[in-house]
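Taken from Swiss-Prot, the feature region 'Disordered' applies to 1-30, 454-482. Swiss-Prot lists Lys6, Lys37 with the feature N6-(ADP-ribosyl)lysine, giving experimental evidence as the kind of evidence. According to Swiss-Prot, the motif 'Nuclear localization signal' annotation covers 14-20. If you look up Swiss-Prot, you'll see Glu15, Glu26, Glu34, Glu163, Glu231, Glu309, Glu310, Glu449 (among others) marked as ADP-ribosyl glutamic acid. Sequence annotations record features per position, and here Swiss-Prot assigns domain 'WGR' to 59-150 based on sequence analysis. Residues annotated as ADP-ribosyl aspartic acid in Swiss-Prot: Asp141, Asp210. What Swiss-Prot records for 182-300 is domain 'PARP alpha-helical', and it gives sequence analysis as the kind of evidence. The domain 'PARP catalytic' annotation in Swiss-Prot covers 313-533 and rests on sequence analysis.
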Amino acid sequence: MAPKPKPWVQTEGPEKKKGRQAGREEDPFRSTAEALKAIPAEKRIIRVDPTCPLSSNPGTQVYEDYNCTLNQTNIENNNNKFYIIQLLQDSNRFFTCWNRWGRVGEVGQSKINHFTRLEDAKKDFEKKFREKTKNNWAERDHFVSHPGKYTLIEVQAEDEAQEAVVKVDRGPVRTVTKRVQPCSLDPATQKLITNIFSKEMFKNTMALMDLDVKKMPLGKLSKQQIARGFEALEALEEALKGPTDGGQSLEELSSHFYTVIPHNFGHSQPPPINSPELLQAKKDMLLVLADIELAQALQAVSEQEKTVEEVPHPLDRDYQLLKCQLQLLDSGAPEYKVIQTYLEQTGSNHRCPTLQHIWKVNQEGEEDRFQAHSKLGNRKLLWHGTNMAVVAAILTSGLRIMPHSGGRVGKGIYFASENSKSAGYVIGMKCGAHHVGYMFLGEVALGREHHINTDNPSLKSPPPGFDSVIARGHTEPDPTQDTELELDGQQVVVPQGQPVPCPEFSSSTFSQSEYLIYQESQCRLRYLLEVHL
């Protein structure tokens, strides 16, 4: 197919970068933090600490809300420790104060005190809480962190068991055995839903980020606790810009962050967050945490208990929660062949991902948002690689503006025309003998492209008169091999050729091109690919 006419572009070298930034736009990092803070606190399910000897006694429970998990990290002294306090009550109205403490990631030591009077047990609990935090238990809703003391963190237990318990008037409690309906999804989609909602996958993702999964149990990641992590990083970001008189040191601020968001460093000293690169890594980590919370919250949607004998298959239920239609493409379909060629021609020469399945994606509400750009031309199908832990969140909410790749081209949504570029951001999971990952293809309304050849992390929008920013790399898929797909009446360019050198950008700081848009509505998810990495 003949090459397409080149869109009107402007190329900017390093000497023209300064002073070209458009007006201030909302910072996505801070907007995510504000959104988390606005969410009402979840109703807590409090369980007896599983390491407590009394936890196996069915009559033992936590008295009211007398339960707390405390954390303290001090980098200078290599402290990274927790303290758990619970007031327990058994069926005979005897009371127990359970204390457990130690280094994050370990079982630690414990102590148990028995009481016959509730008031004595309360006094013991409240005394220990004040001793460890310098706060009164009655004023815990207005908790203030103090240097050298523990900080109260919000952790939530997993949901109650899945079997339904139905109360019958004037009779004993009986359990209804539910008959699960057969799954209506095809086998490939069943596997997809299983993978993207896998608790083991979420757990492994958190462990890879050195997070202490015991302090952030799956199913109930505290939104408020994540929001406090955002606040701690904002303070670090300000401190990295330059020291202020009387301000806290980076070590102190880092210690506070690790206290708020518990990390498991084993016996290693927690590293101070003392560079923009480390700060960016922790920002990305919290954004992934927020997406894990979204996926987990979908599954925790409360349903009124019904005494019905049949219930939807769990995979059908999870699929419906996505509010996104996924249509598995036949391997003989023309668009399947086009996408397969796109993958194979632009994938890595050393280890190109092996295509397994393609789904056509139709996310609820995205079509209407995308319609706002119906008159914007120059549309291209582009790659977006991601962590499996955030696939469910993306299918539910679409691609959002998040810092990626160190923010080399500012705060926008990043795409690539070469699969090998986006594949570098794919984090998958082991499934049998294969390492499985997922990649998106999005239709991006590029409009007028503004080209750059050096980093510009301050960008929050294209220059006036432009709709997108392309960080041009040394190579680009051969434009003479491009083809088009018609998607909802729009012609969308799909590269089909191998990458070829771009002499005019041979001195670019980017080896491969990165495509940036700064409005979330300017792209639409079109395809989801399952690949073996």
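Keep in mind that glycine also has a Cβ here, set from the backbone N, Cα and C atoms.
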For Glu449 (ADP-ribosyl glutamic acid), the one of Asp141, Asp210, Glu231 that lies nearest, given that the modified residues are compared by Cα: Glu231
Stretch-averaged pLDDT - the domain 'PARP alpha-helical' (182-300): 80
Entry from the modified residues list Asp141, Glu231, Glu449 having the most other CB atoms no farther than 10 A: Glu449
Integer Cα-Cα distance in angstrom, Glu231 (ADP-ribosyl glutamic acid) to Asp141 (ADP-ribosyl aspartic acid): 18
Distance [Cα-Cα, Å, rounded] between Asp210 (ADP-ribosyl aspartic acid) and Asp141 (ADP-ribosyl aspartic acid): 28
Glu449 (ADP-ribosyl glutamic acid) in three-state DSSP notation: strand
Secondary structure at Asp141 (ADP-ribosyl aspartic acid), reduced by DSSP to three states: helix
Mapped DSSP class for Glu231 (ADP-ribosyl glutamic acid), helix or strand or coil: helix
Helix, strand and coil residues within the domain 'PARP alpha-helical' (182-300) as assigned by DSSP: 74 helix, 2 strand, 43 coil
